[in-house]
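Visitor: Take a look at this one; I'll ask things after.
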Amino acid sequence: MNYKAHYIGGRWIEGQGESITKFSPIDQQVLWQANSADASQVRAACHAAREAFYAWSHLPASERIKVIQTFAALLNEEKETLARVISQETSKPLWETRTEIQSMIGKAAISIEAWEQRTGESETIMPDGRALLRHRPHGVMAVFGPYNFPGHLPNGHIIPALIAGNTLVFKPSELTPMTAEETVKLWEKAGLPAGVLNLVQGARSTGTALLEDKQIDGVLFTGSANTGFHFHRMLGGQPEKMLALEMGGNNALIVDAYDDIDAAVYTIVQSAFISAGQRCTCARRLLVKNGAHGDAVIKRLVEVTERIVPSHWDAQPQPFIGGVISLQAVQNLLEAQDRLQKLGGISLVSLEQCQPQSTLLTPGIIDVSQVADVPDEEYFGPLLMLMRYDTFDEALAIANNTRFGLATGLISPDAALFQRLSEDARAGIVNWNKPLTGASSKAPFGGIGASGNYRPSAYYAADYCAWPMASLVADELTLPETLAPGLHFPD
């Protein structure tokens, strides 16, 4: 089966590359199949974006914003349809994908506000003229989308980039082609001019062709650290290309004494297991204080975790989690659990595959407190490592003992401890008595170290979608009353 899965220069076309197939995570039924875009089609997409750039970037910003607002309105009309598409190909429950669509809709207004506040135009009056600050789009930008939020996360790059006046080539994850296709159809319906947004579907070869294309002025990426590092190496020695990397994390959640144990456990579960552990901000390491209170927290956490039953995305009543993205992801997580056990980790709740040929996994908790060298890896799924500590200094040292730096958090009634954490944590997101997976659309989103390259997204996405232009201007040119030393203008 091959059909028109790529949108280039305002036309839907068939791919000329290798065949790609999307399987249902739940039962491995074929959901989607097409040929990927080959290198020549990627070049055509980049050329179409370049051809469309001048007209799009020279439109008044108000006209570009009208298209974005129309897209948001169409999203609202089609929100249930798109939520079901996302659920189908990710296996996330409908309750969660519905919230993803709402985030996509809200991104329009918040991005317009951020563009005005962070990259709009300003003027300062000076004694002999004016100082102007304006912002200009980069040009043609490549957007690489992840599979865990196939609607919301690419949308968080696409909308700010379009508002700024850029044109785009979008390469989604090959694991979520349907969401990308349906989203681009809404952009087309919204009246986005031909060539402004182009879609190329495919796997590694398609992505490599896009990264290597000389027409690309910038790359916006959300995904794994390994892939992000690969992108960084490929673009090494090309400082003229803007690169924004939002990668993963080996995030630590510190639990201090807290009277309401159930509230603490609820926050832990929301931090570690929501989206089947497939959020980049999910807690990977749980740090619990030694003592009777910590023991009680762990006992209750085990009880609650054992009762989490993954199920089909449209099951009634709705499950807390569905499956992970693929059978390969299942295998990777089971192997990770096995490696940790061989290192001396003790499984308190075993991560298990619910049935063959399904990606439904029961969440796992493994105590690695006695493991000498815990691997500094992001296990992207419902596998939580438990570590015990005695003092807050020790907990802080453990939390910071990672090459990543995306998120960390604290469950504690003690504001002074949070103050210390916020001063000393090496992370871009630091939460207190809130899930690690919670974030504000009015704040930047990103990390340091192996979690990113200091190009946070969300409210700060406007920053990497445009470059500043500073100007000194005067309406008239006059000879100054006092000349520079050594200059003479004879009568």
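Glycine too: its Cβ is placed from the backbone N, Cα and C atoms.
Look at Swiss-Prot and you will find GLU246, CYS280 tagged as active site. Here Swiss-Prot flags GLY223, SER224, ALA225, ASN226, THR227, GLY228 as NAD(+) binding site.
Map these features onto the structure and tell me what's around them.
Guide: DSSP assigns GLU246 (active site) to a strand segment in the three-state reduction.
For CYS280 (active site), the same-chain residues that are 6 or more apart in sequence and have a Cβ closer than 8 Å to its Cβ are ASN148, THR222, GLU246, MET247, GLY248, GLY249, LEU406, SER451. Mapped onto three states, the DSSP output places CYS280 (active site) in coil.
Counting every protein chain shown, the Cβ of ASN226 (NAD(+) binding site) has 11 other Cβ atoms within 10 Å.
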Visitor: For the binding-site residues SER224, THR227, work out the Cβ neighbour count at 10 Å and name the residue with the minimum.
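Guide: Each of the binding-site residues SER224, THR227 was scored; lowest Cβ tally within 10 Å is SER224.
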Visitor: What kind of secondary structure is GLY228 (NAD(+) binding site) part of, going by DSSP in three states?
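Guide: DSSP call for GLY228 (NAD(+) binding site): helix.
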Visitor: Could you tell me which three-state DSSP class GLY223 (NAD(+) binding site) falls into?
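Guide: Coil, per DSSP.
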